[in-house]
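What TrEMBL says about this one:
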TRANSMEM  5-25  transmembrane segment
DOMAIN    43-149  domain 'Cytochrome c'
DOMAIN    191-299  domain 'Cytochrome c'
BINDING   Cys206, Cys209, His210  heme c 2 binding site
DOMAIN    326-413  domain 'Cytochrome c'
BINDING   Cys339, Cys342, His343  heme c 3 binding site
Amino acid sequence: MIKRLLAGVVGAGVLGGLGFLYYAWYPPIATIDPPAASSFSAEQIERGRIVAAEGYCAECHTRTDMGGGPELAGDYKMETPFGAIYSSNITPDPEMGIGRWSEEALRRAMRLGVSRKGVHLIPAFPYDHFTKMTDQDISDLYAYLMTRPAVHMARRPNELPFPLSLRIGQAAWKLLFFTPGIYKPDPSHDALWNRGAYLAEGNAHCGACHTPRNFMGAEKKGSMYDGAVVDGWIAPPLNDKNPTPTTWTEDELYQYLRFGVAPLHGPAGGPMSPVPHRFLSQVPEYDVHAIAHYYADVDHAAEREKHDKAALARAMEQSKIDLIGPNVDPDAKLYQGACAACHYNAAPSPVLGRPDLALNNALWLDEPTNLFQVILRGLTAEEGQSGIAMPSFYNALSDADMARIAAYLRRTRTTLPPWTDLEKKAAEVRETVKTIPVNSSH
């Protein structure tokens, strides 16, 4: 009886293993001669440029360390909890890039996360979002990529420990967490909303940064857009869990995504900065409006907006605190000396070039991470409102100074409980700023 039971278990295991291998195996797709640029129309290449911009392809496929690298030639280093991963060369170089890939091969990579050779791709390449893209968009993207300058450059090998380095493991990951399929429009919403959802959930892959992940690196589907930590910054919630006192209305979202700064919420900094400045400023306005329209709905902006007038009045009143009378609060004096020259608002509404900190997401998050990142790094003239920069205070302020300013702002500009262990947190964030910013003050 026991022998039969063991035989049954072994047999089931063998069958299960064979079934998994069948599921995991993909045949190579034949190489092609690199297509001539003249085989694609100018109209299709332009559509492909827009697709590439809305997917931020150049951001993750262009090396930024070691002096940088040619656009789309890959070797961009991505730090993950499992080890460093380096992006691929997606220029049309026939040896190092995708020059011998057919359109079918690119489509399989985008839709199923499988390379031309049949190798499972690591989900740092967000095929779990790209799977929603239409055939036309992928075809247009192919035309654009195949007409870029070919760069003969190899990427560094990934730094993943065994057994994570085995690509067969990615097939198991897919079995658990990946659902392929093109985006299906929601008939209960209009065309603008569906266009926004298609872009946000698909090509723009917003959830890749703004959705928390589980211990295996997969997005927590029950926590879609709840916010997450990305490259040492907090990507805030995009839903109604966003704690900012004034609503991310459709217009605020549009201004932020199109121009990199919103009147009531300030500028885009950190990993978010390239999204408006490098990419979404270069695509059709309709698409940016669509994304803004979609997220305003996700955030329930229409219901939340009725509280904005009171929140704005309160913020403006609080911003006057530092400008009235002799301050005896030493933390307020420190803030006045370091920050108030720019971050004040005596007007009845915020001044675009001087973000009001009482309205800024950074003060309302559970952690002071983003506030410390901006203090330490500053903002260049290319970030936020064009031509206006914030210096880095990396050298000018100690960890204790930053802790005092953060504590002061949290208690005077918000209605939330105080942050704890601020000096320790300031030191931790400082450690992530590996090089002193060039615009460091003093």
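Along the chain as shown, the residues are counted starting at 1.
Including glycine, each Cβ sits where the backbone N, Cα and C put it.
TrEMBL: automatically predicted annotations, no manual curation.
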Over all shown protein chains, what is the count of other CB atoms within 10 A of the CB belonging to His210 (heme c 2 binding site)?
24
In the chain carrying Cys339 (heme c 3 binding site), residues 6 or more apart in sequence that have Cβ under 8 angstroms from it:
Leu357, Ile405
Coarse DSSP state, helix versus strand versus coil, of Cys209 (heme c 2 binding site):
helix
Compute the average pLDDT of the predicted model within the domain 'Cytochrome c' (191-299).
95
If you count other CB atoms within 10 A of each CB, which of Cys206, Cys209, Cys342 wins among these binding-site residues?
Cys206
Using the alpha carbons only, what distance in Å do you get between Cys342 (heme c 3 binding site) and Cys206 (heme c 2 binding site) once rounded?
31
Near His343 (heme c 3 binding site), how many other Cβ atoms are within 10 Å of its Cβ?
20
